[in-house]
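Trainee: Annotations per TrEMBL:
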DOMAIN    A:145-207  domain 'CBS'
DOMAIN    A:209-267  domain 'CBS'
TRANSMEM  A:291-308  transmembrane segment
TRANSMEM  A:320-344  transmembrane segment
TRANSMEM  A:365-386  transmembrane segment
TRANSMEM  A:392-418  transmembrane segment
TRANSMEM  A:439-456  transmembrane segment
Protein chains: 2
Amino acid sequence: MPDSVENEKNYVNASLLIEALMLEDIDSFRKEFVELHPYDQAQFYTGLEADIRPKVYLYLSPEEMAGLFENIEIEEEEYENLLAEMAPAYVAEMLSHMYADDAADVLNELDKEQAVSYLTIMDDEAAKEIKVLLSYEEYTAGSIMTTEYIAISANQTVRSAMYILKKEAPQAETIYYVYVVGDDRKLVGVISLRNLIIADDETMISEVMFDRVVAVSVSEDQEEVARKMRDYNFLAVPVVDFQEHLIGIITVDDILDVIDEEASDDYSKLAGVSDLDRVDKNPFAAAKKRLPWLVILLFLGMMTASLIGRFEETLSQKAILAVFIPLIAGMAGNTGTQALAVAVRGIATGDLEEESMWKLIIREAGTGLITGATCGILVTFIVFIWQHDLVLGLLVGVSIFATLIVATLAGSLVPLFMHKMKIDPAVASGPFITTINDIISILIYFGMATLFMSYLS
Amino acid sequence: MPDSVENEKNYVNASLLIEALMLEDIDSFRKEFVELHPYDQAQFYTGLEADIRPKVYLYLSPEEMAGLFENIEIEEEEYENLLAEMAPAYVAEMLSHMYADDAADVLNELDKEQAVSYLTIMDDEAAKEIKVLLSYEEYTAGSIMTTEYIAISANQTVRSAMYILKKEAPQAETIYYVYVVGDDRKLVGVISLRNLIIADDETMISEVMFDRVVAVSVSEDQEEVARKMRDYNFLAVPVVDFQEHLIGIITVDDILDVIDEEASDDYSKLAGVSDLDRVDKNPFAAAKKRLPWLVILLFLGMMTASLIGRFEETLSQKAILAVFIPLIAGMAGNTGTQALAVAVRGIATGDLEEESMWKLIIREAGTGLITGATCGILVTFIVFIWQHDLVLGLLVGVSIFATLIVATLAGSLVPLFMHKMKIDPAVASGPFITTINDIISILIYFGMATLFMSYLS
């Protein structure tokens, strides 16, 4: 019973809340609702039927709705519907109470016109911050950072820093790191709240701050940011522009989402799904996402078919040759996918540095040699015992041997080459490598079969 | 130039450090080294040659080495080597200075005897804590939690809580959440340091604490813990035993590792690699990890081959049939992998609840129908134009249609069934589904071909 704690305590008393909404009993509703964690509020809210949902806006202030919206998890297209239920002025005020990065995320899901209209009626200060965040390219540090950080100067005491911190705590996205900037807003240091609390009140910040700050550039890839935060165990990392001015921070909760997203992305590409559809989607939406891949693969498969067509003569003389086509193509596909997965993950996790690429290629050639030899010998024996034909056994065995070497190499070379060309290597997904290796393996197999035709019994 | 900041500032002056080690210049070494972030220290240390590395122990205290070891990232088998270089008493003291969860992680990598011998010479208090952590099952909340948290009582003032916090800050793994416990150590509330700082000094903790604490059970799966922390944006989550006593906390940095691990795990299983080998491994180690899969797949492939062998008669009459084997088997494999990926990720991310499983199956049947019809019609046309044989076109087209429906269903049914049987559905990896679908597709194709043989031109 791993969930015993969960089940005993029911965090959300949903039936009580729904009843209060039905009876328009604002007091009972608020008494229960505002006590909830914003994530639970959001879960309850998105689970409501559309006819009762708008009542929530009547009972909660835009500021309270802001906390809820920061924790919402819905499909992109649903934002539009939810916001359409509220008065535009209410939306604008809610957005201005949200952390700038979360507000920018919401606006990013709307169509451009709609987003601009909310920004127009919004508080100027908030709108300006959000507009800046909206201007950064997707998947960069800039696009996931927030501007609500706490910055102090190096020549002030710990006591005065704590005073600033107390004052800014309600607004800042994190107060657990305080960044130290020079007169020109250049980032010069960082101090954790833990160290501030331990330090003596009269100490100068310059004495206790850590001055080798690890920062990320605003244009850095979000995956790279995630890697740094994981390596350094940071709760937040500062973002600087090209002149090293502090312009924002990225907090660890956003990084959890990035890691999840990127992992799902690599995974779905390996499987040949353009984007992992949520399970509640309808079959048409799911088919729409998968068909592009399937059709491309269909055409690649037709190429393989036409290639085999050239050996129809050989095939009609020795029908038994056809029996081993799926085996050889399948082994090539599997071994290629293995090599691909190692290379793609190596690149994604940063394990694979420039200088180790050649090492990897040589290593993979060796791996192909070993797996090829093992499987080749095994197959030769099995086919010989099954078909009582040593030449056929050798033909299939040697084909497997050669195929595994080439397929393993192809599996690692293709993603490495794409990485060099600055293309996301995960695009060279499983199905592509599989098809390339299908073609290679069939060329090897039928090429050899045609050569040794006369020796086959 | 996304890395401009990185390149300008060189965090680690490696050449200076190595020179200092060579010259046995302890002062220069320490002056530079102790200023570094522990992660950078660990990176430098693990990059050192074995002949020079032991000098580091002479220049750093066990406490300083503890910080470094908490941030180390090496292969499991390397721990033994590193620790063997140090004096056992040094290791024991280093381990007792580490956070209990990190120390337990290190000991977990050693063989049992070795671990016990370090625990024996260790400080009793520290050894006891570590032993408790070592006793929890792998992949549960207990195995990743730490015991260095701060707990206070509800009937004390904010001022006295801050006093406890200041005192315990150097030892605690996080001070950003303070947990409130009753007399029996039952968890009754939580308060963030942010709220403590904002609150008035004389307020009672019971008035400002959040009493609907989200906790995890000690036996809960680490993946489930990760999901909760991501959903609630926690920096730490309390761990309770079956009587709801607070026994530890899990911090977000450990969760980042869990998410990464689980994603890599799912990914490698989809690719059919038992474990993603690091790029610096030799080809024998790599081949050893991949061969088990390849040999299993080889035997499954032989089954497919023997299945086609039964249709040798059909094949020798119409060699052209062989041409489409890889196309049909390939499409079945691809569509099955797509469906599998959606189901596995749906289960992993918790999107897929009990009640939505039937929905998913019906949805996938519909998706298979749509993709099957589209690809089937397309293939019929292509084959007809290419081979001028409508019956052949229809045969291949209808086979693709039937195959895609069955393969899509198989791709989602297999992981769902495994999940029901409490088997990790990711084990039903890509290659397995592909092979099952190979067999199904060949049965459909040759079955139909044998039936309609007489109509083929």
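In case you wondered, yes, glycine gets a Cβ from its N, Cα and C as well.
Nobody curates TrEMBL annotations by hand; they come from automatic prediction.
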Trainee: Below 8 angstroms Cβ to Cβ, which residues of this chain, lying six or more residues outside the transmembrane segment (A:439-456), approach it?
Mentor: 303-304, 307-308, 310-311, 314, 317-318, 321, 324-325, 328-329, 331-332, 389, 391-392, 395-396, 398-399, 402-403, 406-407, 410
Trainee: On the 0 to 100 pLDDT scale, where does the domain 'CBS' (A:209-267) sit on average?
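Mentor: For the domain 'CBS' (A:209-267), the model's average pLDDT rounds to 88.
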Trainee: Tally of helix, strand and coil residues over the domain 'CBS' (A:209-267) according to DSSP?
Mentor: 27 helix, 16 strand, 16 coil
Trainee: May I have the DSSP-based helix, strand and coil counts for the residues of the domain 'CBS' (A:145-207)?
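Mentor: The breakdown for the domain 'CBS' (A:145-207) reads 20 helix, 17 strand, 26 coil.
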